[in-house]
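Marked as compositional bias 'Polar residues' by TrEMBL: 489-501. The region 'Disordered' annotation in TrEMBL covers 1-32, 480-501. Here TrEMBL flags 110-131, 143-167, 187-207, 227-248, 283-303, 315-337, 344-362, 368-390, 452-475 as transmembrane segment.
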Amino acid sequence: MAASPGAPRAPVDEAPPPQPEARTSERSSDSRAGQLSFCTKVCYGVGGIPNQVASSATAFYLQLFLLDVAQVPAAQVSLVLFGGKVSGAAADPVAGYFINRSRRTGSGHLMPWVLGCTPFITVAYFLLWFLPPFTSLRGLWYTSFYCLFQALATFFQVPYAALTMLLSPCPRERDSATAYRMTLEMAGTLMGAAVHGLIVAGAHGPHRCGDAALAGPLAVSPDATRLYSIAAAVLALTYPVCTGLLCLGVKERPDSSAPASGQGLGFLAGLGLTVRHPPYLKLGISFLFISAAIQVEQSYLVLFCTHASRLHDHVQSVVLTILVSAVLSTPLWEWVLQRFGKKISAFGICVMVPFAILLAAVPTAPVAYVVAFVSGVSIAVSLLLPWSMLPDVVDAFQQQHQHGPGLETIFYSSYVFFTKLSGAGALGISTLSLEFAGYEAGACKQAEQVVVTLKVLIGAVPTFMILTGLCILMVGPTPKVPSQDPSRRQSLQRRTSYSLA
């Protein structure tokens, strides 16, 4: 029988409130439960090595391989590079859509995507450097496999990067795992350029021409194709090896957090809001120019050393100098960002401008090494700066629009998409300029117009793009928002990945 409203209620035994000692022990037990071992952090970091190894090798050597070894016409090479970059850019939102809609399996929600991509991306990377027996359709061959490789690399990287949030419920442990990942990804970048460059060094030396006529293309060298196939096989093996270690050493936890979707705001609606946000537009457009300039500088430096200067024997050393300088200067730039602010740090990007022009004018070995070192320093800050400014932009947007957490995913994915797209356009158009200048695939000596074009591509073009990007970045105030929600800022920073190639 229900008690009347006015009747006195019987006393109910209530549990005593938890004592401070109990709360402390409970928090410490949760912390211990979420603690990651050293082995787990290393295995997680190892999983990021293959994509950095492959992207480093393709950034510096793919264009040279296509033009001088595979002897694909420059116009077709421009389509190869453009198509591959566009494919990688388009795969970003597609990967996020399908991965979010996929179901959890016995091995987790994200790990099956990484494992499933591994055999296909291994084969695609090897065939990207393989010389088919036919000549008329080589452009189509390399376009197909470069597009496939870029798309698969995105489907590999997106779930791998998102795996950070499912390693541990403890933010400090996730940040520690991210630090391991960044360190090993940088090591992978160095390893990719170093191993690939050392293996194929014999394919581009001055002895390659011998007593042959300097004008006109040479026959495809069997030694060159063999060396590139060996390098491709060695680097392709990093995918199954590193993915195996990732699977063995990392256990994916169930995702018990609520979906970060910004109160049901769809991707297209969120994208429409973000691209109309002035600080984001300024940041995005400025780094479209800057990132395209860095990609052009990287892609044409090896070609310049091979055909526009007598630096054949220094190509591998110059490339390694750039990467080592970028890795070593990264901690310095992180300190400068915190100590002097983002606008002051941005001027570090333009340090490479006078030196790039100097290399085009005086292409000697000492100048090349100085330029390589300074370029590495500038590349480091150009990679760090956008990911340092993007959280400020997200915070400013959230305070103005109040759409809830989760829109940082749209900011990040759209920024990556447009950055890749700008690189595709820059590399495609610049390679097409070699065709107009009369570049002859496989020739020992190029025409004077080609030499001049290469000098413009490593000097004037990056200079114009960098200065344009910096001018756009410096217009108007930099968003400065009190960090009221540090968890959202850390979440965004954990999604980012610094790639030196």
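Residue 1 is the first one shown; counting continues down the chain.
Including glycine, each Cβ sits where the backbone N, Cα and C put it.
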| remark: Tertiary contacts of the transmembrane segment (368-390), defined by C-beta under 8 angstroms and 6+ residue spacing from its ends, are 283, 287, 290-291, 294, 297, 305, 309, 311, 314, 317-319, 321-330, 333-334, 336-337, 342, 345-346, 348-352, 355-356, 358-359, 411-412, 415, 478-479, 492-493, 496, 498-500
| remark: Long-range CB partners for the transmembrane segment (227-248) (under 8 A, at least six residues beyond its ends), listed in sequence order, are 43-44, 46-47, 49-50, 53-54, 57, 65, 69, 107, 111, 114-115, 118-119, 121-123, 125-126, 128-131, 160, 188, 192, 195-196, 199-200, 202-203
| Which sequence positions outside the transmembrane segment (452-475), separated from its termini by at least 6 residues, show Cβ-Cβ distances below 8 Å to it? | 282-283, 285-290, 292-294, 296-297, 300-301, 303-304, 307-308, 343, 346-347, 349-350, 352-353, 356-357, 359-361, 426, 430, 433-434, 437, 439
| Beyond the flanks of the transmembrane segment (187-207) by 6 or more, those residues with Cβ under 8 Å of it | 48-57, 60-61, 64-65, 68-69, 221, 223-224, 227-228, 230-231, 234-235, 238, 306, 312-313, 315-316, 319-320, 323-324, 327, 499-501
| Quick one: do the transmembrane segment (143-167) and the transmembrane segment (283-303) have at least 3 Cβ pairs under 8 Å, skipping pairs fewer than 6 apart in sequence? | no
